[in-house]
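TrEMBL lists B:23-140 with the feature domain 'Cyclic nucleotide-binding'. Taken from TrEMBL, the feature domain 'HTH crp-type' applies to B:154-232.
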There are 2 protein chains.
Amino acid sequence: MSPLQDHFVHVQCGDCPIRHRAVCARCETDELMRLEQIKYYRSFQAGQTIIWSGDRMEFVGSVVSGIATLTQTMEDGRRQMVGLLLPSDFVGRPGRATAAFDVTATTDLVMCCFRKKPFEEMMLSTPHIAQRLLEMTLDELDAAREWMLLLGRKTAREKIASLIAIIARRDAALQRKRTPVALSVDLPLTREEMADYLGLTLETVSRQISALKRDGVISLEGNRRVMIADIDRLMEEAGDDSDGGILV
Amino acid sequence: MSPLQDHFVHVQCGDCPIRHRAVCARCETDELMRLEQIKYYRSFQAGQTIIWSGDRMEFVGSVVSGIATLTQTMEDGRRQMVGLLLPSDFVGRPGRATAAFDVTATTDLVMCCFRKKPFEEMMLSTPHIAQRLLEMTLDELDAAREWMLLLGRKTAREKIASLIAIIARRDAALQRKRTPVALSVDLPLTREEMADYLGLTLETVSRQISALKRDGVISLEGNRRVMIADIDRLMEEAGDDSDGGILV
DNA sequence: CGCTTCGTTGACTCTTTTCAAATTCAGTGG
DNA sequence: CCACTGAATTTGAAAAGAGTCAACGAAGCG
């Protein structure tokens, strides 16, 4: 279909931007060489669905660039985002035949893919991969549990403040900047996607963003860029007891 | 303190009721023997806190009998359950020094514990343990994501119906009964604990249970035992598209 | 320039929460 | 066995927060 569907040039793992955070992070040179042989790149356009829930999973892989979401939809159309995948995040579930959630590219996106079978075999022979995957999965589980607190107990205002803080933290982590957190953050999501992340309607998202702006906690530069006026205030509004401690 | 604090008699792993579901499920006889040497039992009374969020984690382990919860609490007291641990479920996070959530026994409970350090070392030398732990963690992550849909998008009535269905499924799984699902289920939680699970208040929980009863979807036998009048109806009320398919 | 998508705002509705009181239940000691 | 006590649960009435429906404005694109 689109030119973006075509496979990308093959990048050497050593030069890969996510080399030290992805599932391959702990691999030695020789292990990397074996991965190199079974990997391939795939690109997706913004809006394109990567995997449908219920589909047979042919591959697993890592997000190299761009952003993807994991979502669940009820028959009547209510939708909840259950994962936000940034570069280095892993997609797929070794040991399961079909996908449990929809995976969608929300921006143009490049994935480093492995056919599922060879990857599973390699996991058995390469403890470094399984170890790293376990570590990443445990981290995701912790993140999911924080997210559950947000969904179950936070007010709309706290949800918005939390989302901004989460995104600020995550992309500070990605850029390996240990700076307390950027003063301005790009929201990679539409209002509707934020609503799906937060368990709100898009109208409520819009209203609460306006309210935080009105109250001087943030300011906007266009619709997508948020300037964080007062980071401590934002953390306070987010209602997290874990103080503004940096990162993941 | 209490007599229950004392260590239990040492049960042979071969006779352990959770032998085939817990983190040791894939272990061979010799691997089991090594686990046997480092394990010890601990008992907790109903209501007792097993681990406080932020505490140094000295041990990890499996729930052998009884029920525990993972919860998060905000400064102002709002509380969200983020894990419900039944027999065979794993407690603790290898590779992390401090606990991220409170773990509490909601019934009298027995755990099979391993000091964290020896267990971590054993994970490195015993792929079967790491493999099983990865599998269990991925399952928990999937469960957490279903839970997120519940918290973010379901109505109070759907939440209650879902909870009853989830508990029915989980203890059918535990008893290895492949029967479609018991006709009656014991709710191992108080109304308040259910509320913390579902992101509701206890009053709303009570009201919705009454409503389901009034509408003939369930009936109660005492406060804790639910008779499921019509399982298909219950699944429908729960709003899950995944049809009443059995188990985990 | 018109079209479509995205975002904001307003008015009103409705579900769930909050606050308060009544009721049931389980365990204790008489 | 029964009355008593405190915890758990149910129920009611009022309030609040978020949702729904609808209109309007802004930005990107052919």
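Cβ coordinates come from backbone N, Cα and C, glycine included.
For the domain 'Cyclic nucleotide-binding' (B:23-140), the number of residues in each DSSP class (helix H, G, I; strand E, B; coil) is 34 helix, 44 strand, 40 coil. Taking DSSP states H, G and I as helix and E and B as strand, the domain 'HTH crp-type' (B:154-232) has 42 helix, 11 strand, 26 coil. Here the domain 'HTH crp-type' (B:154-232) returns a mean pLDDT of 90 for the predicted model.
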